[in-house]
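*Asks:* Attaching a single structure in structure tokens format; questions to follow.
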Amino acid sequence: MSKASSETQLSTVFWVGMGLLVFSNFDKLREVPVPTAQSVLMIGVACMYPMYLWCEGKAKGMPVYPFFALTYLWTFCLPLLTENKNIWQYSPEQHRFAALTVTLFLSSGTFIWYKIVKRATEPRIYMALATEGAESFFIFMVAMGAFINMYTVGGWRFIPPALFNILGKAVLGLSFLGIFMLAYRAGSGKMGKWKIYLFFIVLCLNIISAAAGLILKTALTLFLLSTFAFVVGGRRLPLLPMTLGILLLLPLHHGKHAMRHKYWEGPAHFVQPWEYPAWFSEWRKYADEGQNSEAVRYEEPEEEGESFLERSSVIHMLMMAQTKIPQDYPYLAGETYSYVPILIVPRAFIKNKPVSHIGTHTLNVHIERQTWEQTEKTTIAWGLLPEAYANFGLPGAIVVGAFFGFFYGSMTAISVGTSAFSTRSMFTVLILSFALASTEWTAGVYAAALFQSTVPILGMGIFMKIYRKKKKKYFPNRSLSGINLSERKIFRT
């Protein structure tokens, strides 16, 4: 598929998705007060515009910032259309001020990001793993990821626990990275047919073994990760695998509570790989019969104090900060950011290193939402934008938004035109995962996690070699060996 047709397909998907989004929320939009409806539209446009630029082919590279902005759709925009009590304790005018803050935050980031990525150029020199060896290595790691899942779900114990703890984390991390890189290569059409088939098989084993533990979220994450990487690589949808995945995985959601109620309450129950067909057949039976609605939902005990909605409503945290700071409490003036340097230093070098959530705890204690003793039991998340406002107000939100536009834009630009297995591309993939996962993080959590996750990629550098792109040279019209050149010829050196 040509680049133009791929971009056309992706553009169509974007506009169809936008149409479905508006259609499904239109009645709710009419029911809320006008200022709240205006807030929804403001945030909606601000968080979708970067994705529009990427889908239209106007922005180069991986869509790191577009997906960062997109997370504000379900953390700041759509919650305004729900009956969340934490949101409706604030007036529609306060909704609008919060929406203005979000819009300025995203707009400043979008402006900087687009300035960088629209003029990104390919590097002359970069370091990368050899393609053939890297593909084989990551296919093996995806297969090992499936083995780790089977080991855990099957209750196997032949690996010493301390060793398995280290090995398991390393393998699963490389497996996640491998799924993205290989699906990206498959989407771009740069991977051989037989390797695509082999990757598809081990990916299916990984998803199935993850789902066998009755944690459907993990299996769906792997499915969405591979689908997303394929779309990024080829700017087109893998229609058949995506359809099969949706038809096979989503129905299981309706039977998971019955399965958990049956097998999680009581002695530990382990499932061996050869038992998977019967296991999933039983699960599908519960889903088809709708017995999950009659069974007792298996849920983890909730923490006392804050409800789930109170701990997960990010726009609620922004509105809380805007009503309490600086009216009741002063701005923190960068206190939570001052922890970042010490958090990126390994704990082995600092005896009393603070926890990565020290910035989050500082915010909650500052506005007297928690005491220091309570933070040892419960962490009430804030997010990057509410943290920025609590430190410096509206100017802080704009500056931090611009910073992330610059950061994500720069990380995207350095990977343009490089191999999928280059340090630049793998680091950009890592940053992309952070863009999606950081909805409730503060700067300290982000920095600490980024440093820890970067080490394995840097460690791969010893196995990489330097690649140089050949430079094009142009010669004027002249006769060469008796052959008249009517137009310029391009020679590669």
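For all residues, glycine too, the Cβ spot is worked out from N, Cα and C.
Small disclaimer: the values here were computed from a predicted structure and weren't measured.
What TrEMBL records for this protein is below:
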type	residues	note
TRANSMEM	32-52	transmembrane segment
TRANSMEM	64-82	transmembrane segment
TRANSMEM	97-116	transmembrane segment
TRANSMEM	137-156	transmembrane segment
TRANSMEM	162-184	transmembrane segment
TRANSMEM	196-216	transmembrane segment
TRANSMEM	222-250	transmembrane segment
TRANSMEM	445-464	transmembrane segment
*Asks:* Residues sitting near the transmembrane segment (162-184): Cβ under 8 Å, six or more positions beyond its termini, same chain?
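*Replies:* Those are 134-135, 137-139, 141-142, 144-145, 147-148, 151-152, 191, 199, 203, 206, 222, 225-230, 232-233, 420-421, 425-426, 429-430, 433, 453, 456, in sequence order.
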*Asks:* Mind checking which residues of the chain, 6+ beyond the ends of the transmembrane segment (222-250), have their Cβ under 8 Å from one of its Cβ atoms?
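*Replies:* Tertiary neighbours of the transmembrane segment (222-250) are 1, 3, 6-7, 9-10, 13, 57, 62-63, 176, 179-189, 200, 203, 206-207, 210-211, 216, 420.
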*Asks:* Can the transmembrane segment (97-116) be said to touch the transmembrane segment (64-82) if we require at least 3 CB pairs below 8 Å and skip pairs under 6 apart in sequence?
*Replies:* yes
*Asks:* Which of 32-52, 64-82, 196-216 shares the most C-beta pairs under 8 angstroms with the transmembrane segment (137-156)?
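*Replies:* Between the stretches 32-52, 64-82, 196-216, 196-216 has the largest tally.
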*Asks:* Near the transmembrane segment (32-52), which same-chain residues lie under 8 Å Cβ to Cβ, leaving out any that are not at least 6 residues past its ends?
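*Replies:* Sequence-distant neighbours of the transmembrane segment (32-52): 14, 18, 25, 59, 63, 65-67, 69-73, 76-78, 80-81, 92-93, 95-96, 98-100, 102-103, 106-107, 110, 113-114.
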